[in-house]
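Feature list (source: TrEMBL):
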- 15-33: transmembrane segment (TRANSMEM)
- 42-60: transmembrane segment (TRANSMEM)
- 194-220: transmembrane segment (TRANSMEM)
- 232-252: transmembrane segment (TRANSMEM)
- 258-277: transmembrane segment (TRANSMEM)
Amino acid sequence: MKIADDQWLAERVPYRRVLLALFLRPYIAFLSVREQRRWGKALLVLLLLASLGGVVRMLFKLPDTVALVGDISGKVASVLGDLWLDDGRLRWSADVELPLVITADGWRVDILAPGAEPPALALRAGREERGLILRSERIDMWVREGKSVQIVPLLPPEKLSALGERLGAGEGKRLAPGELVEYARTMTFLMSPFIALFYALVLIKPVFICVLIFVVTSLLFHPEWRSSPGGLLAVGLNCCIPPLTTGIVYSFLDLPGWDFQSIFMLIFLIYLIFVFWDTRSYLRETDKPEKNDF
């Protein structure tokens, strides 16, 4: 067994064999990628996994997303009435007092006055973990991660008018409540590539966090790694491939109270324990005397 492992390490094996070894004999795989500094293919595999996972999750969630958008836009339209674009700004027929909050299916929609700042405290402390911010000049989406709130531009001012006119909601063309629902559903389909990109970024974010922590701690506490930063990066990136693959599969279970980052971190910790066990197993094998030794 040891002779076969030594031969495997000595040659530049195909990367597909390295990928298989990451799941079965990770210590052997890490020795190989460290010596050969194969971090480029590992990065490519991680990006491909995140992209594929983002696309599959978008397709898996798209019917529910379209239904959710229809429900939210219907509630917004029932409050605001007809909507239209006038000089690049969103207008509505109902006379409502701003700010206004609408909740639907775990989403929070804040309708604010032009130029008003989002209610950061309410977004951080509320029951909803995601939502929309509507102002006459722009539409933003927000997502709460822990105690912080990330705001993503959905339709900035320069795109609001152009997109509306292309779909028939330009200046002077009003959308009745029923038409708004169809308009929102159509826009959701058009934005499906961006939804897939959003999911892909959610998947790849904890990977880069773990790689950064791994590299920094290794450089601080293991000076021998400083002579081979490429090898260190290769080990860190390859170490994230099995947890990312497994985490993507488990993320489709939609476990209550578990976001993808929590799932990934738990699987990553379990994988490190497996790596530690495999390392000790390999070292015990190398310490055993050969039968022909005297």
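Placement of Cβ uses the backbone N, Cα and C atoms for every residue, glycine included.
The transmembrane segment (15-33) is in contact with the transmembrane segment (258-277), judged by 3+ CB-CB distances under 8 Å for residue pairs 6 or more apart in sequence.
Residues 46-47, 49-51, 53-55, 57-58, 61-62, 65, 152, 188, 226, 229, 232-233, 235-237, 239-240, 243-244, 247-248, 251, 260-261, 264-265, 268 of the same chain sit 6 or more residues outside the transmembrane segment (194-220) yet have a Cβ under 8 Å from a Cβ within it.
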